[in-house]
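Features as listed in Swiss-Prot:
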BINDING   THR231, ALA232, GLU233, GLU285, SER384  L-serine binding site
BINDING   ARG262, ARG263, GLU264, VAL278, GLU349, VAL350, SER351, SER352  ATP binding site
Amino acid sequence: MLDIKIIRKTPEECETRLRKKDPKISLEPVLSLDKEVRQLKTDSETLQAQRRLLSQDIHKAKTQGVDATNLIQEVETLAADLEKIEQHLDQKNAQLHELLSHLPNYPADDIPVSEDKAGNQVIKSVGDLPIFSFPPKHHLELNQELDILDFQAAAKTTGSGWPAYKNRGVLLEWALLTYMLQKQAAHGFQLWLPPLLVKKEILFGSGQIPKFDGQYYRVEDGEQYLYLIPTAEVVLNGFRSQDILTEKELPLYYAACTPCFRREAGAAGAQERGLVRVHQFHKVEMFAFTTPNQDDIAYEKMLSIVEEMLTELKLPYRLSLLSTGDMSFTASKTIDAEVWLPGQKAFYEVSSISQCTDFQSRRSGTRYKDSQGKLQFVHTLNGSGLATPRLLVAILENNQQADGSVVIPEVLRPYLGGLEILLPKDQ
């Protein structure tokens, strides 16, 4: 949520910044409604002041034994008028809140401006792309011999785009998750296994709705709906909603391992088959609450952890600074970490690290007391650390051998009982 006071003070500048994300944005409706709200507040305060004066006159008249009937009627009329104004004010405030809730976060000043991902900038590349002495296989082709995934079984029970892991695929998935969780813990993150269902207001707080309402799975729970989380960012942010932290508590680092549920997975087409784009996947999520001065430090910390893991997994990767047209609704800055997938002949995102400034905390009401005792909104950051489906694809496709086997990254072997190679099921 954006600060209406800043919009009111510098409307042209705010609109210019927002149009870098969406050229169609106009702040005129917001400013017009804000003007109405302020006028109604003034009218309300004026009537309240008049009512107080009349109440004093009534008290004085009664003390002096003077008939106060007319004064009492005036107060009753004022009270009725005030009630109407207050109701109108509540309606206009709700409308203003709704308009503000659809405005994205401002992009940072150093973000490349573009309408889509074509404007993203590769800022770092690490590792050489693999050179094979044989025709490399797509991970679904490798799976025919490895027998670690079963999309057909999942399609029977749930539908297309839902994965089912089996045999050593289960062990490899949990090895990745355990490795990543231990990495977060070693870097001082507090670990969580949170609920997978959240209230609608928690999705609002993290910025997923109202703009993207309808894109999430939900279940009916009495008179309300609970939503399956699209990322643990939602619930980690929600844990501190409406809280007032102390400055000494910050920065506060959280990490969670959860399944994530996304409805849009099936829209990419046949090219992104298998695990490249699915409705359900595991992800370790990093989240931080900071002061404004700690924001950049936390960002670098998250980014370094992601790079550390990709380096230890010995996967070729690159970092891309996202343009305004490819950034999320809540982010002011995002760097994607992308791994090379030989089966796709392209780099694919396995982590997005984002700074969200005070955008989410204003929606969630998360504040802290600064050293002067003044209440301030915290800054929030989030980053995947990491998402497993494409990571597993990268491991399978980059480490495949001519006989269809796959070399296990050394860093994962302790979590697999020392297993060094995934052999085809018949070997």
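A Cβ is built for glycine as well, from the same backbone N, Cα and C atoms used for every other residue.
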10 Å Cα neighbourhood of VAL350 (ATP binding site): matching binding-site residues from THR231, ALA232, GLU233, GLU285, SER384: SER384
Closest of THR231, ALA232, GLU233, GLU285 to VAL278 (ATP binding site), Cα positions, binding-site residues only: THR231
Three-state secondary structure, which DSSP defines for SER352 (ATP binding site): strand
Other CB atoms, at most 10 A from the CB of GLU264 (ATP binding site): 13
Proximal residue to SER351 (ATP binding site) among binding-site residues THR231, ALA232, GLU233, GLU285, SER384 (C-alpha distance): SER384
Around the Cβ of THR231 (L-serine binding site), the count of other Cβ atoms that are within 10 Å: 22
Alpha-carbon distance [SER352 (ATP binding site); GLU233 (L-serine binding site)] in Å: 12
ALA232 (L-serine binding site) versus binding-site residues GLU264, GLU349, SER352 - nearest by Cα: SER352
Listed binding-site residues (SER351, SER352, SER384), ranked by Cβ neighbours within 10 Å, top entry: SER351
